[in-house]
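Colleague: Copying in the features that Swiss-Prot gives for the protein in this structure:
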type     : residues                                                                       : note
ACT_SITE : ASP776                                                                         : active site, proton acceptor
BINDING  : LEU586, GLY587, ALA588, GLY589, ALA590, PHE591, GLY592, LYS593, VAL594, LYS614 : ATP binding site
COMPBIAS : 929-941                                                                        : compositional bias 'Gly residues'
DISULFID : CYS42-CYS84                                                                    : disulfide bond
DISULFID : CYS127-CYS177                                                                  : disulfide bond
DISULFID : CYS224-CYS278                                                                  : disulfide bond
DISULFID : CYS417-CYS483                                                                  : disulfide bond
DOMAIN   : 24-104                                                                         : domain 'Ig-like C2-type 1'
DOMAIN   : 299-397                                                                        : domain 'Ig-like C2-type 4'
DOMAIN   : 398-503                                                                        : domain 'Ig-like C2-type 5'
SIGNAL   : 1-19                                                                           : signal peptide
TOPO_DOM : 537-978                                                                        : topological domain 'Cytoplasmic'
Amino acid sequence: MELGPPLVLLLATVWHGQGAPVIEPSGPELVVEPGETVTLRCVSNGSVEWDGPISPYWTLDPESPGSTLTTRNATFKNTGTYRCTELEDPMAGSTTIHLYVKDPAHSWNLLAQEVTVVEGQEAVLPCLITDPALKDSVSLMREGGRQVLRKTVYFFSAWRGFIIRKAKVLDSNTYVCKTMVNGRESTSTGIWLKVNRVHPEPPQIKLEPSKLVRIRGEAAQIVCSATNAEVGFNVILKRGDTKLEIPLNSDFQDNYYKKVRALSLNAVDFQDAGIYSCVASNDVGTRTATMNFQVVESAYLNLTSEQSLLQEVSVGDSLILTVHADAYPSIQHYNWTYLGPFFEDQRKLEFITQRAIYRYTFKLFLNRVKASEAGQYFLMAQNKAGWNNLTFELTLRYPPEVSVTWMPVNGSDVLFCDVSGYPQPSVTWMECRGHTDRCDEAQALQVWNDTHPEVLSQKPFDKVIIQSQLPIGTLKHNMTYFCKTHNSVGNSSQYFRAVSLGQSKQLPDESLFTPVVVACMSVMSLLVLLLLLLLYKYKQKPKYQVRWKIIERYEGNSYTFIDPTQLPYNEKWEFPRNNLQFGKTLGAGAFGKVVEATAFGLGKEDAVLKVAVKMLKSTAHADEKEALMSELKIMSHLGQHENIVNLLGACTHGGPVLVITEYCCYGDLLNFLRRKAEAMLGPSLSPGQDSEGDSSYKNIHLEKKYVRRDSGFSSQGVDTYVEMRPVSTSSSDSFFKQDLDKEPSRPLELWDLLHFSSQVAQGMAFLASKNCIHRDVAARNVLLTSGHVAKIGDFGLARDIMNDSNYVVKGNARLPVKWMAPESILYCVYTVQSDVWSYGILLWEIFSLGLNPYPGILVNNKFYKLVKDGYQMAQPVFAPKNIYSIMQSCWDLEPTRRPTFQQICFLLQEQARLERRDQDYANLPSSGGSSGSDSGGGSSGGSSSEPEEESSSEHLACCEPGDIAQPLLQPNNYQFAC
């Protein structure tokens, strides 16, 4: 069934509409009490500017300069009208909000003590009432209690003050504003009004915007306006030397005559570009303003730097890396990244962004640079033109470090001078008589300049290590040999003294010495290699980490996440571990297990509740224990929601950490769908199926010899750590009997699939409202409980990530690549919008009844290119056209064009309502048909075609034993080793 035109129009407005800026909180007026914290936020498509009684009582948010105003202690002086204007688009206009700060002790807020106008103008006396309830009792008096002149025409505006129409010279005076508060008169201080006689001058002009860029075919507007106290003036708009014939609009505002010529272009072309001039003239003179209008073929994003991309500084110096970006449309995401090679002891990167019209300045601050901070620094930015980047290479300069050693070589004495530093130091040898600590060329008996020392090491961004040899034959009595080194950073030297022949040395027997040294060096080399191998294996071993991330703040694509270890833990969650009676192990993985348990007295003193308990292995490392504690803190921070697996309690004292969560009796959604698939053979819902598709679902159970543990809620029956592996037939049978006894035997309806989809979307909308990014949205991570309620969870403890084909090795992480958005795969960017992409894959899983996404496609470079080029899977068999449209919108390559979870909820609920009404509870068909061999991704339905199958073993992978037993992935950050 199709979405009606009104619904489509609504979505187009939500996703792509542009208009005036929006001020939050909404409403034309806001009334607060003194001392309250007030925050005004302006939401717009571009740069904004605030106008009103701002300084010094307000602060601008440094993380979003210009868009957010905050005052921590509101006073009557904050009363006034605040206007937010978008700088880059005059068509968008502006939005205002008026703030009242009710202060019984101060009924008036004066914005000025003196007002000067020209005769005939409107004179505004800016005494603002602080309480809107007092505006009915206001009055205006002259100083000394005298009445206002009878011929003076004035009125009161709560937003502006008292306004005198067409002020005359005789109106010059000091005025006071009065009102009644609780029966008493409250008077403002005086405002001096000075009315000057008119002096003719050229018109004042304004040309907006000051600069304009549009893509060919877009709309644009250029506004040329002029004002003057006299009506006799003219205004024209020119492009180059050509006068444009544009209608003239006239108005009279604030005692000034205003004339406007507005050029509106519905679809700009290259001939519309050029220099535009706004010219206004009268008998007194002429004023002119100009602006540049640029029309481009497509969106652009250019990154440049006035600095060299190859930077060299000394250790301990500070450096600012600056990049300028010229972009249209606005940049949506950006981030600075350190690309190595030294990843140990890295500080958090500090940077700021300065915005102007169509231009950005990104600055990265490197303060007191350490040796480990040398390397590549990468700025990545994105707008509708795509991604662009700029890379700086920072090399540190080191002064020379020198070491002199002696060693016999072939019976001859040789001195070795080992030097490290950058730039490569020069080496000079000197021989001086006697035992001395200093020697220069004047004192030296001999001087050798080694112009070609041996380079031992020359790694990028590191010191150069060289060695110079001085063969001297036989060491001379009472001589000192100096090795002096120098580079642009500094110099260093070391000496070697030769003593008398009788004392000099007892040279070891070279025939014995050399083999011993070689043997020792060989053993040491083997030990070092073994140590490096063990270290590499340890680094490659995945660690249990917290998957969910809470955003603290963001600017562009620069996210600051809350450190979960710093979140407070509320002791109200503490539950006596003695009140837990453990049952069978529900699932186990590399890091821990999930155990069924009965909790006595949880919530109520006499309550008995079945729960699921997460715990670590006894061999868990300290960082894994910290990760589980962080997960506990995040769950408590998020709060409760019907569609997430909620925290019920925890045991953190007197033993290992235990996290108590809700128990979900039907297991994970993926296996639930696969179990139900045998009864859903759907000729009425799945047109065009062929006979081959029958096998797609008949083989799903594979004689029930494999049991999935990835949800953490399947039955094993013994309280041991169980890896994800095939189990015996008897064990499998008991599992299906136990869980399927609780499952309703009726076949699924289309409404059920819509119900699951809507509930997951509601859970994701809740997480998004809490600034939480999930990063592994998939059917295997959704559990079902009583009433077929779907809950989103985090089950990393019950996963053997090393053996799950759904997770692909990328760098030092295992990633669910087929569920990931392109920006996450290619650029390590994770946002709520990337969760929306993953949700689209989950929808495909639901409406294909548990098939693996991208069937028949291996995860390799060809897969990455397909995703990057916009390839989309075909419409699943059981998905109505409108549901497939939602999937496609979730898979938009431009993240900002993807729907929000709130919009997805609305669409799914509307579809479910229509399904209830039109299908009259029609079940999915239960006999006779087949699902179609291409049900999960055959022909791509019009715009794209299915790629050629690369591996038969990958086709319909849900039918393979290894896939049925696949475990879930350890919760990690899912970031590449960038």
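Glycine residues also receive a Cβ, built from the backbone N, Cα and C atoms like all the rest.
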Colleague: Between CYS42 (disulfide bond) and LEU586 (ATP binding site), find the distance joining the two CA atoms and give it rounded to the nearest Å.
Modeller: 49
Colleague: Residue counts in helix (H, G, I), strand (E, B) and coil for the domain 'Ig-like C2-type 5' (398-503), per DSSP?
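Modeller: Once the DSSP states are binned, the domain 'Ig-like C2-type 5' (398-503) shows 3 helix, 67 strand, 36 coil.
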Colleague: With every protein chain in view, how many other Cβ atoms are within 10 Å of the Cβ of CYS278 (disulfide bond)?
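Modeller: That number is 23.
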Colleague: How many other Cβ atoms are found within 10 Å of the Cβ atom of CYS177 (disulfide bond), counting all protein chains shown?
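Modeller: Here the count is 25.
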Colleague: Would you kindly give the Cα-Cα distance separating CYS278 (disulfide bond) and CYS417 (disulfide bond), rounded to the nearest Å?
Modeller: 75
Colleague: Looking only at C-alpha atoms, tell me how far CYS177 (disulfide bond) is from CYS278 (disulfide bond), rounded to the nearest Å.
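Modeller: That separation, Cα to Cα, works out to 41 Å.
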Colleague: Tell me, roughly as an integer, the mean pLDDT over the domain 'Ig-like C2-type 5' (398-503).
Modeller: 84
Colleague: When the Cα of GLY592 (ATP binding site) is compared with the Cα of each of the disulfide-bonded residues CYS84, CYS127, CYS224, CYS278, CYS483, which one is closest?
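Modeller: Closest by Cα distance to GLY592 (ATP binding site) among the disulfide-bonded residues CYS84, CYS127, CYS224, CYS278, CYS483: CYS84.
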Colleague: Nearest by CA distance to ALA588 (ATP binding site): which of the recorded positions is it, out of CYS84, CYS127, CYS224, CYS278, ASP776?
Modeller: ASP776
Colleague: Looking only at C-alpha atoms, tell me how far CYS483 (disulfide bond) is from the residue listed as 'active site, proton acceptor', rounded to the nearest Å.
Modeller: 60
Colleague: Out of the recorded positions CYS84, CYS127, LEU586, VAL594, ASP776, give me the one sitting nearest to CYS278 (disulfide bond) by CA distance.
Modeller: CYS84
Colleague: Report, in whole Å, the straight Cα-to-Cα distance of the residue listed as 'active site, proton acceptor' from CYS224 (disulfide bond).
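Modeller: Cα-Cα, rounded: 52 Å.
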Colleague: Taking Cα atoms as reference points, rank the recorded positions LEU586, VAL594, ASP776 by distance from CYS127 (disulfide bond) and give the first.
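Modeller: Nearest listed residue in space: ASP776.
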